[in-house]
Amino acid sequence: MSTVVLLACTGLGLGALYFLVASGLSLIFGLMDVLNFAHGALLSVGAYAAWWAATDGGTGFWLAVVFGTVVGTAASVLLELALIRPLYVRPRDQILATVGVGLALPALLMGVWGSDARPFPQPAALSGTVGLLGATVPVNRFVLMAAALAVLVALRLFLARTRYGLIVRAGVEDRAMVTALGIDVRRAFTLVFAIGGAAASLGGALAGLYFGSVNPSQGTGLLIFAFVVVVMGGMGSVTGAAVASVGVGLVQQFANYYTAAGLGDLSVVVLLAVLLLVKPRGLTGRLA
Amino acid sequence: MGGSAPVLRLDGLGWSVRGVPIVQDVSFEVAEGEFVAFIGPNGAGKTSLFNLVSGIHPATQGALYLDGADITALPVPARARRGLGRTFQTSSLWPGLTVAEHVRLAAQAAAGPGASYRIWRRAGGYRQQVEQTLERTGLADRADDPAGSLSHGGKRKLELAVLLVGDPRLILLDEPMAGVSAEEVPALVELIRSVHQEQGRTVLMVEHHMDVLLGLADRLAVMHHGTLLALDTPDAVMADATVQGAYLGEAL
């Protein structure tokens, strides 16, 4: 029983991380049809900024997380304005550009700080464990879950209650019609990119806590599963991404423990294939 | 058509795709409060002409004036903000959004770009405007249903609601009765009539059903092979020998 609880908590923690990356990825694709292969790099930017603040900067953990999120958000806005925006009329070049950034940024991080994993300072309050139903679970799992839950609630409120949110939801369904109404939908793009970058870089900062270290290829590794989550949840659906994240995180952890290590990743791919066979449009029925 | 300046003026307007003319040299004026219906066989260029006027396609020749101002080079949102509103031939809504959300989004758009992008203000504003429009279009009891669950007629009504909440001065309707069941047609016709006659809005409409048009239209425009063949009162157009030969004889 205690093993199951520990695996469930770890799976949910990992799922939370996937959600932080996938929610922005899903909204960005849903609204502007941009496959942002640089999204994992944004996570790494957040992770390294937080790590730098917590070590060289000497700030406390929470301030380092805020710093990482702010830097990652700024980087995503810069990415949209400088590289994505001029290429909306050339979607193939746009994808190549994001692939390029997705390769160049981790390489840059590697060049500056080396390819080895750098230990991420664990604050005393979050490095302990708690007993839950007989299991000993690291506290940081719950930090990730709480962060993902907060982002989910905030995104849902934003989408349901604000004018921007209404424009984004309509834009995800049919962008041309929003333009025909007289709304310049591109003004929402930068904001959605900023939101996606903020969630991803928050995920990056917290990934340092979860894995205990940061390394340049972390973002790219997480991005693959985030894409799986986006497809499973339905493009443009935040709630779908949340459900799929939980599913992927749990399946991965349990399969890794009860079968052979490494089979967790395979079982995620099998899960994706089965889901797409049964529901070709993903969990929410949105176009995938 | 009255003494006032024309709301809309087309001056030799045309659109070619890779050298192939789709719409050629169309010139006419529409006066404030007028109702002009566009007829013609499929492929005659009616929808293309509407796309040129609303800005979906850029004109490749000629010029277009709204209230005397040259809008030939303006993009869709700018034309919409100047009071030009249109519906589309195929139902084009956001199926996942509720009926009320559609109207609210349109109200946001109508209030101008500043209002649309004021962050963190609840979207619950515009409530009165939204309720009135839903009441007027007979959609009040479906306000919280997703648009995807409406009938064809309901969707057309919703498109009109989306269009009307912004109170555009010039309204382009592209086959508003398409796909609508026979029992839903009278309510739609009545709604269009009230917009035109009671509110005095200028309306351009593509429609195939002559019985619908004859009670509504001040003038009939006949399109054929991308050109404007005739533009006159319904009686005169029906009597016109050229029209008889080129369109009515051929298509009916």
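Just so you know, glycine gets a Cβ as well, placed from its N, Cα and C.
Since this is a predicted model, take the numbers as computed values, not measurements.
According to TrEMBL:
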TRANSMEM  A:12-30  transmembrane segment
TRANSMEM  A:37-54  transmembrane segment
TRANSMEM  A:60-83  transmembrane segment
TRANSMEM  A:95-113  transmembrane segment
TRANSMEM  A:142-159  transmembrane segment
TRANSMEM  A:188-211  transmembrane segment
TRANSMEM  A:223-250  transmembrane segment
TRANSMEM  A:257-278  transmembrane segment
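Within the chain carrying the transmembrane segment (A:12-30), a Cβ under 8 angstroms from the stretch's Cβ atoms is held by residues 36, 39-40, 43, 140-142, 144-145, 147-149, 151-152, 155, 168, 172, 192-193, 195-200, 202-203, 206-207, 210, 222-223, 225-227, 229-230, 233-238, 240-242, 244-250, 252-253, 286, all 6 or more beyond its ends. If you count C-beta pairs under 8 angstroms between the transmembrane segment (A:188-211) and each of A:60-83, A:95-113, A:142-159, A:223-250, A:257-278, the highest count goes to A:60-83. Through the fold, the transmembrane segment (A:37-54) approaches residues 21, 24-25, 28, 60-61, 63-65, 67-72, 75-76, 79, 95, 98-99, 101-102, 104-106, 109, 113, 118, 120-121, 196-197, 200-205, 207-208, 214, 216, 218-223, 226 of its own chain, all at least 6 residues removed from its boundaries and within a Cβ separation under 8 Å.
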